[in-house]
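Below you'll find the structure, written out as structure tokens, and then a few comments.
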Amino acid sequence: MHRDGSPTGSAGPTGPAGPTGLPAMLRLATASLVGTAIEFYDFFAYGTAAALVLGPLFFPTASPLMGTLAAFGTFGVGFIARPLGSVLFGHVGDRYGRRPVLVVSLLLTGVATVAVGLVPPYAAIGAAAPLLLLVLRFLQGLGLGGEWGGAVLLTTEHAPAHRRALWSCFPQLGPPLGFLLANGITLGLSVGLTDAQFRSWGWRVPFWVAGVLAVGGMLLRNRISESPEFHALAPGQRAPLPIAEVARDHWRLVLLSAGGLAMGYAVYYTVTTWALAYGTEQLGVDRTVMLVCVMVAVVASGVVTPPLALLGDRVGRRPLCLAGCVAVVLWMFPMVALLHTGNPVLMTVGFVVAMLAFMIAFAVVGAYLLELYAPRVRCTGATVGYNLAGILGGAVTPLVATAVTRGDRPPWGVAVYLVAVALLSLVCFALLPETRPASTEETRPAAPEVPDAPPGVTPSAAPEATPVTAPRIGLPGPRNGASTWERVGSDVRVDVSALPAPLGAGPLGLGRGTQAGDRGDGEHRADDAQRDRNADLRHRHPTLVEGVQHQLDADEAEDHRQPVREVDQLPQQAAYQEVQLAQTHEGEGVGREDDVRVLGEAEDRRD
């Protein structure tokens with residue numbers, strides 16, 4: 001279930017469920033994976049350069065420690081830009097489609113990355129050199145801010161409900177693949193070039209390669225189709241300003257998801273960025289050896305991602321996220337101890353276990369974040385939370401880790417910081433609801449049969465109501481007993497008057513029963529609000545609403561009545577009034593979704 005009560009497993013009858021065959025899903029997943037890998041390649045190429053060469057080249061007047069801090073500072077600018085990119089591209093994704101986000105974000109990141117490889121050093125142009133790095137790094141982050149959400153959304157919204165975590169992990173494999181590509185090229189250059197050649201021009205080659213990769217990625221992405229769940233949203237159902245709706249209605253989800261994901265960012269960039277600098281500068285380990293140690297750990301994290309995602313489809317998203325946080329808490333001090341030995345084998349063991357620990361959680365976050373939001377704000381909500389986590393976990397971690405490293409002592413301060421972040425993430429994940437669909441049947445409920453009133457029978461002539469125990473019609477019912485159906489003639493009512501009143505807005509009608517005629521601006525605004533509520537209801541319980549709508553259409557066809565507008569209709573036409581959702585919250589308004597109850601009333605008004 002979404003946090004707002006809508007089912008997570010079905011696009012509903014209003015839109016296709018996505019590609020029906022495995023080949024179609026594989027093509028889509030490959031396009032998302034390749035594009036995400038290219039964008040993260042661009043991002044990681046800068047991180048590797050910052051750890052190895054950018055300090056001396058662009059901040060030569062600073063001490064080695066301060067030069068490294070300054071280089072990591074420019075690296076952190078990209079993380080600060082990513083939430084802004086998520087707002088910008090989230091708006092595009094929620095208003096105009098997920099597919100344009102993938103193409104534009106890849107183009108922006110690719111151009112900025114190639115330009116980084118062309119910036120002269122400080123010795124050539126002075127202070128303008130680090131300033132140019134800051135601007136280009138900001139543009140990199142802006143593009144990457146929209147990439148992850150667009151790629152994961154497009155794949156997940158095509159996927160069947162019971163395999164959403166599995167398919168969503170393909171874009172999640174993009175970061176490790178991009179890291180391997182960036183560091184593999186850097187490793188080859190490090191082995192094949194002298195140290196002077198590498199520092200002079202060799203470090204620039206990975207940035208130039210990014211241009212070729214970006215062109216190939218854009219050609220591949222131009223062939224993929226738009227998300228079926230976005231297609232199912234009519235223009236009037238799309239949020240006019242998604243970030244405003246997210247900030248107003250979903251800010252707790254955004255903050256909790258950002259806090260939960262911070263742990264993964266912190267561990268990942270400690271291993272892949274800070275550890276490179278610490279090993280080469282503080283421990284004197286050869287640059288090639290450090291690159292190999294880190295790359296082995298990244299490969300291990302990619303190998304375990306699909307099995308962990310498949311497990312998340314079976315046991316749920318939140319249990320894995322909680323387990324990943326606990327594993328990180330338990331392993332950070334041993335990892336730092338193994339790193340400080342300078343032994344390549346022991347360092348590799350420390351890195352591998354650390355990457356596996358955080359990947360327990362990150363294997364399922366693609367599906368988890370998206371299932372927290374309804375499609376109208378999903379791109380914005382998910383990407384803002386994901387990229388806010390990057391500031392705390394990605395931008396801050398290398399700076400903090402470098403600052404707390406002193407002399408020849410083991411950097412225990414790094415372990416303390418990582419444990420603190422993991423505990424924060426543990427609390428945040430504990431407060432988030434589970435979103436995994438319980439079963440295919442529950443996410444595709446069967447509509448109840450709503451019988452038509454016999455000709456000539458009016459509500460006033462109907463016999464006394466007879467209570468009958470109701471079936472659950474595929475929707476979760478109240479824990480304290482089933483609701484009650486009442487048969488009034490051939491009409492059907494579900495009485496939930498004894499149940500708690502719903503939170504939030506009033507009844508969600510099917511949009512029937514207002515008088516046609518002259519209408520002022522206020523009435524038109526009311527109509528728009530009613531249509532939004534109707535669209536939200538159809539998203540939450542599509543099959544139920546489809547069944548009622550089908551019955552209305554059948555009644556109108558039988559009686560040769562005129563077509564019915566969604567909001568306006570003459571009073572004598574059939575009216576199905578009030579499908580009302582009652583939802584109770586547990587624990588500060590962010591607990592799991594509780595009871596969903598349905599109130600339906602059918603009347604037949606005749607001339």
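Keep in mind that glycine also has a Cβ here, set from the backbone N, Cα and C atoms.
For 518-537 (among others), the entry in TrEMBL reads compositional bias 'Basic and acidic residues'.
Annotated compositional bias 'Basic and acidic residues' per TrEMBL: 558-568 (among others), in sequence order.
If you look up TrEMBL, you'll see 570-583 marked as compositional bias 'Polar residues'.
Under the heading compositional bias 'Basic and acidic residues', TrEMBL lists 585-607 (among others).
Averaged over the domain 'Major facilitator superfamily (MFS) profile' (28-437), the predicted model has a pLDDT of 90. Residues annotated as domain 'Major facilitator superfamily (MFS) profile' in TrEMBL: 28-437.
Under the heading region 'Disordered', TrEMBL lists 438-485 (among others).
Here TrEMBL flags 501-607 (among others) as region 'Disordered'.
With a cut-off of 8 Å between Cβ atoms, the residues of this chain six or more beyond the transmembrane segment (40-59) that come close are 66-68, 70-72, 74-75, 78, 109-110, 112-113, 116, 121-123, 129-130, 133, 137, 140-141, 144, 174-175, 177-179, 181-183, 185-186, 198-199, 203, 206-207, 210, 213-214, 269, 272-274, 276-277, 280, 287. Residues annotated as transmembrane segment in TrEMBL: 40-59 (among others).
What TrEMBL records for 65-89 (among others) is transmembrane segment.
Annotation source TrEMBL lists transmembrane segment at 101-125 (among others).
Taken from TrEMBL, the feature transmembrane segment applies to 131-154 (among others).
Look at TrEMBL and you will find 166-189 (among others) tagged as transmembrane segment.
Here TrEMBL flags 201-220 (among others) as transmembrane segment. Taking Cβ pairs closer than 8 Å, the transmembrane segment (201-220) reaches residues 30-31, 34-35, 38-39, 41-42, 45-46, 48-49, 52-53, 103, 106-107, 109-111, 113-114, 116-118, 182, 185-186, 189-190, 193 in its own chain, all 6 or more past its ends.
TrEMBL lists 253-277 (among others) with the feature transmembrane segment.
The transmembrane segment annotation in TrEMBL covers 289-311 (among others).
For 320-339 (among others), the entry in TrEMBL reads transmembrane segment. Sequence-distant neighbours of the transmembrane segment (320-339) (same chain, 6+ residues past either end, Cβ-Cβ under 8 Å): 260, 263-264, 267, 275, 278-279, 308, 311-312, 346-347, 349-351, 353-354, 356-365, 368, 410-412, 414-415, 418-419, 422-423, 425-426, 429-430, 432.
The transmembrane segment (345-370) and the transmembrane segment (253-277) are in contact, since at least 3 Cβ pairs between them lie under 8 Å (pairs 6 or more apart in sequence).
Counted over residue pairs 6 or more apart, the CB atoms of the transmembrane segment (253-277) and the transmembrane segment (101-125) come under 8 Å in fewer than three pairs, which marks the two as apart.
Count of Cβ pairs under 8 Å against the transmembrane segment (131-154): among 166-189, 382-400, 412-432, the largest is for 382-400. Remote same-chain partners of the transmembrane segment (412-432), defined as residues 6 or more beyond its termini with a Cβ less than 8 Å from a stretch Cβ, comprise 253, 255-264, 266-267, 270, 274, 318, 321-322, 325-326, 328-329, 332-333, 335-336, 361, 368, 372, 392-393, 397, 400-401, 404-405, 587-588, 590-591.
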